[in-house]
Amino acid sequence: MFLVGLTGGIASGKSSVIQVFQQLGCAVIDVDVIARHVVQPGYPAHRRIVEAFGTEVLLENGDIDRKVLGDLIFNQPDRRQLLNSITHPEIRKEMMKETFKYFLRGYRYVILDIPLLFETKKLLKYMKHTVVVYCDRDTQLARLMKRNNLNREDAEARINAQLPLKDKARMANHVLDNSGEWSLTRRQAILLHAKLERSMEYLPLRLGFLTGLAGIASLLYLLTRYLLPSP
């Protein structure tokens, strides 16, 4: 099995493309969902965040107040690094758990929905393939203005706050162009899925896993046969 990192930009259509892959039966892990999950009360990251930033980051129900925490680390590289050192290891552990579940169920590849895949670069080394859902800037701007009911200035500010889609497209292995008709984008996603399904890149890990199981089985057999007392 291998990992596919999928990303996009605001109003590029990433969520719609993810739905296509899910309809095709693909395994999809949303890293944002995991990031929210690991900071819930009762989890180690929650306790460490409170220890590091104080109870002022808590809501009345004990959840992390994401806005307050965001304000605390805004333009504070040291604090942001501290928060990342708390949350990123927990996120990676949960990702590994979810990925292993899909591995055991026989999936050839798993898609990781990672909004900041190229910005942080923390997870890039784990990805066999990277995919960007792209659209040209004019289309992105028009969609964002319509979707969020924004004026041009506000919409441009939000787009400019992100790494440009054209830059992400240059760094990706695969680009799904969502600038035109949705039917064309959907077809691109279907063709990419077929290509990834045909890939043999899943074999090394699966063969290694099976070899390991065979080794354990052989060891257990030898222990049973030669070390345990006969009845």
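Cβ atoms here come from the backbone N, Cα and C positions, even for glycine.
Because the structure is a prediction, the values reported are computed rather than measured.
Swiss-Prot lists 3-207 with the feature domain 'DPCK'. Swiss-Prot lists GLY8, GLY9, ILE10, ALA11, SER12, GLY13, LYS14, SER15 with the feature ATP binding site.
If you count neighbouring Cβ atoms within 10 Å for each of the binding-site residues ILE10, ALA11, the highest count belongs to ALA11. Of the chain residues outside the ATP site list GLY8, GLY9, ILE10, ALA11, SER12, GLY13, LYS14, SER15, VAL133, CYS135, GLN140, ASN178 have their Cβ within 8 Å of the site's Cβ mean position. DSSP assigns ALA11 (ATP binding site) to coil, not to a helix or a strand. Within the set of binding-site residues (GLY8, GLY13), the lowest number of other Cβ atoms found within 10 Å of a Cβ is recorded at GLY13.
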